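Noted in Swiss-Prot for the protein shown:
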REPEAT    65-87  repeat 'LRR 3'
CROSSLNK  68  SUMO2 cross-link
REPEAT    89-110  repeat 'LRR 4'
DOMAIN    123-161  domain 'LRRCT'
COMPBIAS  149-208  compositional bias 'Acidic residues'
REGION    207-260  region 'ZID domain'
COMPBIAS  218-240  compositional bias 'Acidic residues'
COMPBIAS  241-251  compositional bias 'Basic and acidic residues'
């Protein structure tokens, strides 16, 4: 399938300015040149044209937002200065499996100031003595060459980098929320709840206290009643005793009169 047809198929009824990623791998470049891609793809951030028999970048449109460019397994041998002119914000460039042979060809990438990762794997240039040291010296802005930095530490996967960025954004949002504190009125509501709870407890204690006092009063009244009852019984017993003595004296007096 030709590149122009492949582009139309990948659009899927979208306008070119709505596309941020475009994969055109394994299609065919007529005469080894880019066709069907133009300046209307101004929002493009990722472009892949791997194994499309591309030999020239002369017809590459201006893509100022492009960050990642995949050009592996083509027949590019030069003309890399176009990249700095058309895609000045590139951070990742894959030229592995192309016809790049010498350092002078790569030197054109010095003007890509934001370039961090470059792949030249399976290019003839990798057979040069001190290849890695020479590239890092020539392109001092890059961090990773063929997937590794100067200390042979492997480059993070691009998807992991994206995830880290998202996690970083979420952490920042959480920190912002923590710094902002609780929403307005939140503390006041808590205080109101505590006051209500306190008043409920106070009312409960008052009710318990009242009931306790009422019980004491009732008990005191009962005790007073018992005391009154006991007093009345004692008075009755005393009165009966007095009446008994009086009857006894009356009987004795009657006896004395009979004797007379």
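Using the three backbone atoms N, Cα and C, a Cβ is placed for every residue, glycine included.
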So how many other Cβ atoms are close to residue 68 (SUMO2 cross-link), meaning within 10 Å of its Cβ?
18
Secondary structure content of the repeat 'LRR 3' (65-87), with strand meaning DSSP E or B:
6 helix, 3 strand, 14 coil
Averaged over the repeat 'LRR 4' (89-110), what pLDDT does the predicted model reach?
97
Determine how many residues of the repeat 'LRR 4' (89-110) DSSP places in helix, in strand and in coil.
8 helix, 3 strand, 11 coil
